[in-house]
């Protein structure tokens with residue numbers, strides 16, 4: 001019974017923090033440095049050869065802070081991912097820096113940081129991105145404007161509205177242009193800004209909304225189906241997190257922002273090619289329901305869909321589903337550091353002319369993992 005009670009307290013905190021129990025490396029004279037990470041022994045089972053096989057990875061990072069004055073604190077974070085499913089001869093293939101930023105926190109006046117960080121749209125998207133393995137992929141991609149992890153973002157955050165309203169948080173974000181390092185057109189962005197706000201009204205209930213708008217680069221306008229000057233997105237969401245129950249839902253729309261399909265981003269790709277582009281508009285919906293048993297089991301069922309509008313792929317129609325699946329999974333926590341999970345992605349996309357033309361996968365995937373985290 002004691003173990004069950006401990007797990008009931010530890011696991012929700014683990015899920016909220018993203019790390020089970022960061023190892024404190026140094027804590028002296030107002031300076032603190034923590035190490036966190038995980039090793040995920042992960043395997044996919046699928047008829048799709050591109051998604052079948054070993055997916056093991058290692059992820060670790062540092063969080064540090066320094067007390068400058070009683071009102072001013074400096075902080076920084078760095079996170080790195082190492083793929084462990086490649087031959088040694090392939091070297092560092094798949095390794096990447098996920099996060100890297102530094103900032104200052106000014107007591108109740110908020111915090112400001114700059115670097116590689118999450119875009120403010122993820123403040124709401126993160127509520128539904130809680131599946132054991134899959135999820136968070138209707139419109140959120142790394143280095144896709146301010147939808148996920150991205151470069152060159154200056155972020156101001158304020159919690160509890162200057163200390164005046166408990167649970168009312170907001171963020172303002174600016175992103176500089178990213179196109180000068182030879183990156184793929186799908187990963188480029190012009191100057192942009194975003195705003196988000198979340199409100200925890202108590203009893204486990206929270207609401208949130210976010211908006212972002214960016215200039216598109218010349219390459220994005222010339223080498224894709226959509227040639228609009230701006231890329232925009234907005235999202236709203238809600239969650240309930242109490243009494244061992246977790247429920248969350250999100251709706252979002254994007255314009256000239258969400259990439260789909262393969263690498264041939266041209267406005268003349270034929271239906272027989274692995275073509276793709278930016279969707280003129282997408283409508284995105286995600287919902288997840290989970291329950292945490294005291295003995296460590298956490299079952300989950302979720303539904304995710306992204307519908308693209310005015311896709312301009314010749315011969316296949318202008319409106320198509322880009323993402324559509326049901327996730328059924330469960331995680332079992334042995335303790336705060338060790339867990340195992342299985343996640344079954346039931347792909348509801350049809351194998352049709354559109355998915356063949358764009359190379360979008362339509363097969364189911366089962367992910368099975370064993371995780372050590374600290």
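Keep in mind that glycine also has a Cβ here, set from the backbone N, Cα and C atoms.
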Transmembrane segment according to Swiss-Prot, located in which of 311-322, 323-334: 323-334
Membrane topology agreement for residue 51 and residue 355 per Swiss-Prot: yes
